[in-house]
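Trainee: Encoded as structure tokens, here's the structure I'll be asking about.
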Amino acid sequence: MACAQPKEVAKEMCCAICLEQFKEPKVLTCLHSYCKGCLVKLVKKKGPEHIIICPECRQEVKITDGDVDKLPPNFWLNNFMTLLSMQDSSMASSKKTLLCEHCDSGDPAVSRCTSCCVFMCEFCVTAHKRINAFKGHKILSLEEVKRVGSKALVKPAFCEKHSGELLKLFCQTCQKTICRDCTIVDHREHMYNFVADIAEQERSSVHGILEKCKPKEKVVAESLQVVKTMRIRVLSRCSEAGKQVDSFFDKQVEALEHHRANLKNEAGRQGQERVKKLDSQAEGLSLLLAQLRNSVSFTSQAIADGDDVKLLSMKTQLVQRLSQLNSSQDQLKPCQNDYFRLQEHKSIWDVGKIASLSYHPCDPQKCTVSMAGGEEGVMYQTMKRQPVDFTVIIKDERNIKVTGGGHGVIVCVDFEARLTPKRRKNTFTTSQVSPIVFLKDDGSYSFSYCPKNAGNAVLSVKVGGKHINGSPFQWSVTELIHAFSEGMHCWKLQLDLDGEETTVEIGVKNDFFGSSQPLPVHVWSHQRGDQKWSLILKGSRLNTSRSDGRKASIGDVQGKDIFTVFLNLESKKLIIYNIRSKEADVFTGVEGRQLAYVCPPNKQNCVFFYFED
């Protein structure tokens, strides 16, 4: 394997804490390395233990006895720092020049003994070669060391527990390097082998794990890029949402300002019209007042100072004028009032409901469609000529209902009609319809479809161009039937009551006789032991009760109401749903063959199947 070159890793030689070249680098369990002195400052006590929080990955690392010295050294960094110092020719005369490790002369090193694992000066090299005990030792020049790389810098590792003992063995049981003395006590029964014999095997093992980890690195890198891209998109969408909010409220403010101007103009016009009419009235009254004052003054003067002959000669004129003025029909009360008042529509001031922000997109796989009033997601068998109402609930990835509209709900019904002409052989025709979808006040969507014939229907519901969970759905449409032995069924009934005193029951009852022929729409049951599940409407006000004695949930009933009855013999559940009031009564434990049960008084058709022409 080729060794990494020092120049390629020089930028990795700086401690992330002090930002200087590593000094005695130690490795944490998270595999991040820092200077020994820097780590000492990070040790803190947590309960009975000492820990260091890694500055880069924030992982908590336990420090045995709080002693950083017990952390393993980073041999890779140590070796490469040595190579860097050797490669930098500018350091030849500096304090960082490699010195002889074999003697204390302080002379610069010129070679390295790979057997003794020390750098030596020129004098020690000469002596080394002359001593018989060192025969066979391999001595490399500094240039040769540079070419060989970090492998030439391997140093002996000594046991921390047994002084002076080399770590030559590897305990496979404990997965750690040990010395010979360790095998006597602590690792006596363990499996161990010489490092030289097992190193390649263990290296391959580590390499295998490394190869498994590399794809994860790629996945995480790609995920990080996706997250960064999403961050940019979030900021962009946030800014866009802010602009949408400003635009929306600017339009609202503009509309309010426009309405304010209209109201003020309207008030001004009203004021001007009223003032004009009051001015005209005041002008007429002023003229009448002047005439009255003049006539009263003149007549009073004539009575007081005139002689009798002249007074009597003018009597007719005076009386006529005074009578004319006195009988005038001028309006004396103001012809206009001063009532100007702003009428506020309180509901408009519920500004919290004008608009809101949504932070979770809808998830088509969480959205549901149901027959209105029935069990969620259940497609009941319906009857021809009876309209089927559907409700689509929009949900986000948290399975929470989403409101507000604008979800692009598209519906399509493919129907295969089964026609039975006079000849008994069935014929089939197919058709496709895209019902109009409406947004309801509660944020859900609704649509209706009325099959004109018996057959099979396929319903596709898409939200934002994607099928919702379970789409396309299938359900069958039958002729008018009254008896049900299995499956899920749905039919509609309509009241025809005019407020008279009456009692009506709607529901199902057990069919103990196993009727197979079509039954009349209304069925009366007087057989002892018959069990029924029904809603009872009684009195002119149609008070409600249930056949099982429980309190009815449906309380708002009118004489022309339409009910949908849902019978699910799989879940043993009966639902009676008032389409107008959106109230429902639910019965459970409905078992066995059932008949559609309707019981009007005096055998009158007060309840009948509802059909659409």
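Keep in mind that glycine also has a Cβ here, set from the backbone N, Cα and C atoms.
Nobody curates TrEMBL annotations by hand; they come from automatic prediction.
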Trainee: Would you please say which range out of 253-295, 382-424, 425-467 has the annotation coiled coil in TrEMBL?
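Mentor: Result: 253-295 is the stretch TrEMBL calls coiled coil.
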Trainee: Across the whole of the repeat 'Filamin' (359-477), what does the mean pLDDT come to? Round it, please.
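Mentor: Averaged over the repeat 'Filamin' (359-477), the predicted model reaches a pLDDT of 88.
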Trainee: Taking a Cβ cut-off under 8 Å, which residues six or more beyond the ends of the domain 'RING-type' (15-58) line up next to it in the same chain?
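Mentor: Sequence-remote neighbours of the domain 'RING-type' (15-58) are 64-66, 68-69, 71-74, 77-78, 81.
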Trainee: Could you count the residues of the domain 'B box-type' (154-190) that DSSP puts in helix, in strand and in coil?
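Mentor: Going by DSSP assignments, the domain 'B box-type' (154-190) contains 3 helix, 8 strand, 26 coil.
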